[in-house]
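Inspection log for the structure reproduced underneath, given as structure tokens.
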Amino acid sequence: MNSFKRDKKEEEDGGGNPFQNMEKTTVLQEARTFNDTPVNPRKCAHILTKILYLINQGEQLGTTEATEAFFAMTKLFQSRDVILRRLVYLGIKELSPIAEDVIIVTSSLTKDMTGKEDLYRAAAIRALCTITDGAMLQAIERYMKQAIVDRSPAVSSAALVSSLHLTSISGDIARRWANEAQEALNSDNVMVQYHALGVLYQARKTDKHAVTKLVSKLTRTSMTSPYAACMLIRMACKLLEEEDGNGELLDFVASCLRHKSEMVVYEAAHALVNMGKSSTRELAPAISVLQLFCGSLKPALRFAAVRTLNKVAMSHPAAVTACNLDLENLIADPNRSIATLAITTLLKTGAESSVDRLMKQIATFVSEISDEFKVVVVQAIRALCQKFPRKHAVLMNFLSAMLRDEGGLEYKAAIADTIIAVMEGNSEAKEAGLAHLCEFIEDCEHISLAVRILHLLGQEGPTSKQPSRYIRFIYNRVILECASVRAAAVTALARFAAACPPLLPNILVLLSRCQLDSDDEVRDRAAYYCAILQQQFDPTTLSLVQPPLLSIPSLERALNNYVSSPMEEPFDISQIPPAQTVEEPTQPEILATAKQQQSRLSREETFMEKLAQVPQLALVMSKSPLFKSSPVVELTESETEYNVKCVKHSFSNHLVLQFDCLNTLSDQLLEDVRVAIEPPEGYRVVYEIPCLRLAYNEPGTTYTVLEFPEDVHASIATIPTTLRFMARDCDPTTGVPDAEQGYRDEYMLEDLEVTLADQMRGVGKQGVDFNAAWDAGATRGFSELEETFVLGASVTTLEGAVQSLVGFLGLEAVERSHRVATDAVGHTLLLGGIFRGGKEVLARARLALADSQVTMQLSVRSSDPDVAELVTSSVG
Amino acid sequence: MGLFDRLANIFGLRKKEVNVLVVGLNNSGKSTVINHFKREEERCIDIVPTVGFNVEKFAFKNVHFTAFDMSGHDRYRSLWEHCYKDCQGIIFLIDSSDKLRLVVAKEELDMLLQHPDIIGRKIPILFLANKMDLLDSLTTVKLVAGLGLERILDKPWHIRATNAVNGEGLQPAIEWLTDQIRDIYINKR
Ligand SMILES: Nc1nc2c(ncn2[C@@H]2O[C@H](COP(=O)(O)OP(=O)(O)OP(=O)(O)O)[C@@H](O)[C@H]2O)c(=O)[nH]1
Ligand SMILES: [Mg+2]
């Protein structure tokens, strides 16, 4: 009571937070009070609260500090004060990841969890599970099983949720406790039912068949818990995603639209519209439910509905137009988030004529909404630019105004991304876009964004109408910004110099000034570019200024190999695979916020690491770097006794087949496993590396090394494969094989194809000038072949033709020529890359569309005439 | 504090609370003994090896005991000493049928007696020669010799053969401890 009064007084004094200005060491000192007898519950509860507060404020405790506090805290178990005890549970949970020997409270917690005090039991279970490690798990298993089926819903829920957490310690916990969970599923408490379903799902998660059975059983009974029903909908959707054509599941989801709980109705509608495969007609019932929610009195429902509609509008604008009237009403919603979503949805579904009006409406409150929703607006504008290219001026202006506003990195990056995307999609917008971006970097506090924009300017600026106008903006960065921005600016300048000879003398002056910079990196770059650019101008300079993005680990390995060789021939850089470039998803759904997830290692790099672990492969690996790794090819049906997948690794002259095998029979142990192949004509099997032991459910790998045929034409082939092994029967539970000798057995696998795409790849020079390279090819004595094809019936669009050609050849599209303009009837696809062994290949495909039939004129130039012939002959 | 409490305090009638520490090697029967002291309706049915420790409460002759039932497993024996400071009595359990580990029990006892928080303190120690029902269990005389109990001069101690399963011998044993504690701590206060 006293403290309450004091707090109130402090509040009036303006000193709100009683925990302000606490010091970690002082508080930990106070924790010694825990050792006093008898325990003073009120005092100890206060101190414990302080400790919890500190930890939750991000204060770091050392192991010793935490352990001491933890030990002192264990003394509090002698108090019977309920509040204090529950704080102790929290303390245990917070300290258990840091302190040592936390399992000493196991018995005390087990006692509380099985005791009579209901206020203790659920919380004790949660605390117990956080301190339990693999070794202790067995000791508590019995209690946990009992708790799952306990009469008290709180206890049962706590035990169910904890068993989900425990799966990180022991993967099969959920399966071992599935019987109890099954019983809990019959509980009439909504939460228990939901949590039990969660555990049952976890138990079956890896076995699709079992999930299907569970779902189809439960869809027939009706779930009383709305939470469980929502989860069931999600499980059904996941199954539907994996296999289509399960009408029963779809009917179930659709029937949930008539559920009596709004939550379930929403979940079902959300699921239906997100299923991707649904057609506009199938969407109609879901959309009308959402439409109904738009008029709800509950803001949360309105929000959920409009947010979902907003998303659907990207893929199925026509389906959403039915809600236009309801959405118009929501523009005036007192909740700004709802209003924003309503407007941006209308922008997607509305006609071109309404764009101006809606943009004006957004402008009135765009400054009031949070960054997250500003990003939604940006997204909508991005979609609009694609839909109405003629509106780009209005929209660009709007974007640049937004760019000047306050905002976080993510928001600004989304705007910059949108401007860049608009520029790429619409050449008319390029000049304006670059101008807006230049203006933006004049005053941009986000370093990473400034660096990206400078990079873009360096790439796009030189080919604009008036390159010289960008130089001032870029050079200003060198004067005004931090080191990393300055370095990026120097590189951008160098690109202008290399690509626009008239600018060279002036830029050289600027670059020589940069050589006086205080930062090492900036100086180094400037010195490097000055040195290259001062040499006589020739086209090769460009690739030095703008080097291809090579895979660094592969380059390192190749250089190491080269250094240990006699080094008689010059180092061949064309052997090095490019660094992986992440293609932006070209789905209809445009997510401006989707961060480009740059995986640190490319496929080849990861495989290279893996192959380097196999000593027998060292010989092949030392001769040339890994040229290309194919996607995974399944050689078996998915649910068979043995599962074999293949990855084809191409080297200059060798083909390494990596077979990943899985034995799904628990009563068999396989030994000496290999994949026998019949080498096609011209191929030679160099050696096999068998997998010595393939136990149940433990993946194993065997390799076969082949030499490519001399004649490249023979390299495209079909290889019959068979799995051969020594099988031994074993005890399914222990995996120990019987004493008797095994028997030889074999198992037929699917044929393996070696394709053109396995042997060709791009070189990561996104910015190359195709025409220059094409012409240079002629002067360098490349042989050229040209042929005309009519593409098969499966290809009916230009996009389809581009996609299948890129996939078939394995080359890389340059100058963004893989993007086909909408409604175009003709397109030219430009491809570049190399054939294994470093043979350059260029290809130009002129495509024409007439009556859903695509005709293609394909010209190929290559440094090796056989390769050129191989390409044209295998397309036909 | 109300008037009655104050009066009660003067006449030594106030509820007395003491802490006792229950130690001994694992499997000697500590948890079983404590369980027996609890009221019938509070007892647990099955007793499993203790992990860490457990706090139990029971009352005897108007003295309220808080017993720290420690684990005797070697991994957790180091926890014992954390409780030495605040306890007013010690119950030391010996499994009298476990001849093999009697030396281990002696070693632990010696360490306890030499601990700074125990040495020189007049603290009563109750030794329970548990599992007396088992055939080849040692007699208390043999245990006194085996553990060297006659060396303990500055602390009151007492040894008693017990059977924690049916409670035989426990009543007089706890009676002794209660009287000692009453003499040393409560009546002095
Ligand atoms: N025959 C017999 N068995 C006993 C006696 N006292 C305890 N036990 C049994 O001895 C086993 C161990 O008892 P606990 O009470 O768990 O031993 P503890 O000393 O608490 O062991 P930790 O907690 O591991 O240190 C149990 O199976 C008891 O039933 C006794 O007097 N006679
Ligand atoms: Mg015990």
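Each residue, glycine too, has its Cβ placed from N, Cα and C.
Keep in mind that TrEMBL annotations are predicted by a computer and have not been checked by a curator.
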Need a hand: TrEMBL gives B:G24, B:L25, B:N26, B:N27, B:S28, B:G29, B:K30, B:S31, B:N130, B:K131, B:M132, B:D133 for GTP, which of B:G72, B:G169 is also on that list?
-> B:G72
For B:D133 (GTP binding site): intrachain residues, at least 6 apart, with Cβ closer than 8 Å | B:N163, B:V165, B:N166, B:E168
Does anything in the same chain, at least 6 positions from B:G24 (GTP binding site), have a Cβ under 8 Å from its Cβ, and if so what?
-> B:K30, B:G72, B:I91, B:F92, B:L93, B:I94, B:D95, B:A105, B:E108, B:L128
By a 10 Å Cβ neighbour count, the lowest-scoring of the binding-site residues B:K30, B:K131 is B:K131
Among B:G24, B:L25, B:N26, B:N27, B:S28, B:G29, B:K30, B:S31, B:G72, B:N130, B:K131, B:M132, B:D133, which the record lists as binding GTP, how far apart in Å are the two most distant Cα atoms?
-> 21
B:N26, B:T50, B:G72: the binding-site residues whose Cβ falls under 8 Å from a chain A Cβ = B:T50
One should report the C-alpha separation between B:K131 (GTP binding site) and B:S31 (Mg(2+) binding site), rounded to whole angstrom, as 13
Expressed in Å to no decimal places, the gap between the Cα atoms of B:S28 (GTP binding site) and B:T50 (Mg(2+) binding site) is 11
For B:N26 (GTP binding site), what residues in its own chain, 6 or more apart in sequence, show a Cβ-Cβ distance under 8 Å?
-> B:P49, B:S71, B:G72, B:H73, B:D74
If you count Cβ atoms within 10 Å of the Cβ of B:S28 (GTP binding site), leaving out that atom itself, what do you get?
-> 26
The number of other Cβ atoms within 10 Å of the Cβ of B:T50 (Mg(2+) binding site), counted over all protein chains shown, is 24
Does DSSP put B:K131 (GTP binding site) in a helix, in a strand, or in coil?
-> coil
If you skip the near sequence neighbours and keep only those at least six away, which residues in the chain come within under 8 angstroms of B:S31 (Mg(2+) binding site), Cβ to Cβ?
-> B:I47, B:T50, B:N54, B:D69
